[in-house]
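Visitor: There's a structure below that I have some questions on.
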Amino acid sequence: MRLIPLTTAEQVGKWAARHIVNRINAFKPTANRPFVLGLPTGGTPMTTYKALVEMHKAGQVSFKHVITFNMDEYVGLPKEHPESYYSFMHRNFFDHVDIPAENINLLNGNALDIDAECRQYEEKIRSYGKIHLFMGGVGNDGHIAFNEPASSLASRTRIKTLTHDTRVANSRFFDNDVNQVPKYALTVGVGTLLDAEEVMILVLGSQKALALQAAVEGCVNHMWTISCLQLHPKAIMVCDEPSTMELKVKTLRYFNELEAENIKGL
């Protein structure tokens, strides 16, 4: 596992965007050989999406031959609702870059057959071989996507019941009214994430410090689903300074020395 220790959320966004752009450009995608990118929603990736849009407008990257798969979607929320992840992604990213509409894949939380929707999503991912880079965030309780504590580390795309804490955390997007937050969501599984060639998780804020500690210094544990990254051959944690407050001093010093050349110029 790599840990990229930065200072601010803006630096995390810039580093993550730069890494995505470098991976896409090094891959040299074509129509017949697209780059497959996994994407999250929420507050954490906002600085990354902003930086990606700026880099696209500066001519540094094209998304014309990029296929995207989003991590999750609420169940029962209309697609046009301002807080659906469909709306979020278009508002903050897709509408500002050159990605073709047919290259965008989002789970349908209003599908008549939820199980079939989840199964087809997995099949479509497999049809491209694999996701080359999956970016994500992490919850205060260590959940990735909507894989809440005690999720199977072998799980695939499925419907999940959201914990009260997750709904409270997300209520800031729903006028701070937890009753407006859906109780269920469709989400890729932990196993789906682990199948990706590379996984990059962004960690922001002191409220995520225990989750980061569990991911880096703890044991692999289904109560902290983020710890599954210890099993991945190419995992990256990109974090700001407040999120590192629970890490041991020697752990942080080790990664600072290891990544010194990779965090320059932000």
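Each Cβ is built from the backbone N, Cα and C atoms, and glycine gets one as well.
Dumping what Swiss-Prot says about this protein:
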- ASP72: active site, proton acceptor (ACT_SITE)
- ASP141: active site, for ring-opening step (ACT_SITE)
- HIS143: active site, proton acceptor (ACT_SITE)
- GLU148: active site, for ring-opening step (ACT_SITE)
- SER151: site 'Part of the allosteric site' (SITE)
- ARG158: site 'Part of the allosteric site' (SITE)
- LYS160: site 'Part of the allosteric site' (SITE)
- THR161: site 'Part of the allosteric site' (SITE)
- TYR254: site 'Part of the allosteric site' (SITE)
Visitor: Please list, in sequence order, the residues in the chain of HIS143 (active site, proton acceptor) that are at least six apart in sequence and whose C-beta is under 8 Å away from its C-beta.
Guide: PRO149, SER151, THR166, THR225, ILE226
Visitor: Among the recorded sites listed here, SER151, THR161, which has the most company in the form of other Cβ atoms within 10 Å of its Cβ?
Guide: SER151
Visitor: Between the active-site residues ASP72, ASP141, whose Cβ has more other Cβ atoms within 10 Å than any of the rest?
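Guide: When each Cβ's neighbours within 10 Å are tallied, ASP72 tops the list.
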Visitor: Given the recorded positions GLU148, ARG158, LYS160, TYR254, which one's Cβ is surrounded by the fewest other Cβ atoms within 10 Å?
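Guide: So among GLU148, ARG158, LYS160, TYR254, the recorded positions given, the one with the fewest Cβ atoms within 10 Å is TYR254.
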Visitor: Would you mind sorting out which of ARG158, LYS160, THR161 (the recorded sites) have a C-alpha within 10 A of the one on GLU148 (active site, for ring-opening step)?
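Guide: Qualifying among ARG158, LYS160, THR161: LYS160, THR161.
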Visitor: Nearest of the recorded positions to TYR254 (site 'Part of the allosteric site') by CA-CA distance, picking from ASP72, ASP141, ARG158, LYS160?
Guide: ASP141
Visitor: Round to a whole number and give the Cα-to-Cα distance in Å for the pair LYS160 (site 'Part of the allosteric site') and ASP141 (active site, for ring-opening step).
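Guide: LYS160 (site 'Part of the allosteric site') to ASP141 (active site, for ring-opening step), Cα-Cα distance: 16 Å.
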Visitor: May I ask for the distance between THR161 (site 'Part of the allosteric site') and ASP72 (active site, proton acceptor), taken between their Cα atoms and rounded to an integer number of Å?
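Guide: About 12 Å separates the two Cα atoms.
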Visitor: Looking only at C-alpha atoms, tell me how far ASP72 (active site, proton acceptor) is from ARG158 (site 'Part of the allosteric site'), rounded to the nearest Å.
Guide: 10
Visitor: Could you tell me the C-alpha distance between ASP141 (active site, for ring-opening step) and ARG158 (site 'Part of the allosteric site') in angstrom, no decimals?
Guide: 20
